[in-house]
Amino acid sequence: MRVLGIETSCDETGVAIYDTERGLIADALHSQMAMHAEFGGVVPELASRDHTRKLLPLIRQVLDDAELRGDQLDAIAYTAGPGLVGALMVGASTAHGLARAWDIPALGVHHMEGHLLAPMLEAAPPDFPFVALLVSGGHTQLVEVHGLGRYRLLGESVDDAAGEAFDKAAKMLELPYPGGPHVAQLAERGDPTRFRFPRPMTDRPGLDFSFSGLKTHTLTTANQLKAAGPLSDQDRADIARAFEEAVVDTLVIKCRRALDTTGLKRLVVAGGVSANHRLRERLDRETAKRQAQAFYPRGRFCTDNGAMIAYVGAQRLLAGERDDATMQATPRWPLASLTPPAA
């Protein structure tokens, strides 16, 4: 089965073709990062317009790369949510229009299920069951995974997501958008002993997260230093180091608890923040101590992409899922509401 995947949930236009026999055979991505950088964040209307401009050329590109015609595909999978409603509509309407033209099914896919299963595209994918840490700009969740559509939410952020906290900390430190990679890069030069930031919600039982207080602590620290004069480059680096260590430590503590609570030995880490080198280093050490193993997507599949959508669509269709009767665009869509494929 050959499935075209379309991802347009936010600020990246991703298109890919996944073959259930050959694996990923074509993949293309257009990032809107430079366009949104001057505004310090994603502008929804601009995102939708850019998806409209870029989506069809990317579809043509992956078809050419795979040496296929549209009518040689077996299905189209598209991100139906969660995400920006206008951006979702671009992908959904394009998918349904092409599916009708090529007389093939179109299936809406949950964006976070795509991230959750992105490590399945790697050469050594994890077996079920596993614990998953989904950590991105919009989500921070721990999920117990027993199969496709068999998910149990263990914990989630009660306020800001980890990726959102990184972006806000970057603004406080006058770093460019998107903030996460810039904070991590700056943190490498920071003194780990100068500041110690709190590890929110780690002093009590449970698997929920909170990052808003950490954001406030970062702002307070920066303002205290500014009272004596402008922040130096070393001040910024030291704050970035303390912030990153606090976020990473919090995520590691909660993952450790989740593995202990479930008794599972496999940990999947996915979403944009999963690319953070310090987080991977700490989680690799933590899982090794427990005779467990951590799994990650390759770098380009940590962020939004069409490959993960094509993969999930293919798996659901193979398992008997039927195509959408109507176009779907669902800005808010809890992952825990998903169910196994039903024929």
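Placed from the backbone N, Cα and C atoms, the Cβ positions cover glycine too.
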| message | Based on Swiss-Prot, name the residue from ASP260, ASP284, ASP304 that is recorded for the same Fe cation site as HIS111, HIS115. | response | ASP304
| message | Based on Swiss-Prot, name the residue from ASP159, ASP160, ASP167 that is recorded for the same substrate site as LEU134, VAL135, SER136, GLY137, GLY138, GLY180, ASN276. | response | ASP167
| task | Mind giving me a neighbour count for HIS115 (Fe cation binding site)? Other Cβ atoms within 10 Å of its Cβ, every protein chain shown. | result | 31
| Collapsed DSSP category at GLY138 (substrate binding site) | coil
| note | Cβ density check for HIS111 (Fe cation binding site), other Cβ within 10 Å (all protein chains) comes to 27
| message | I need the nearest neighbour of LEU134 (substrate binding site) among the binding-site residues HIS111, HIS115, ASP304, using C-alpha distances. | response | HIS115
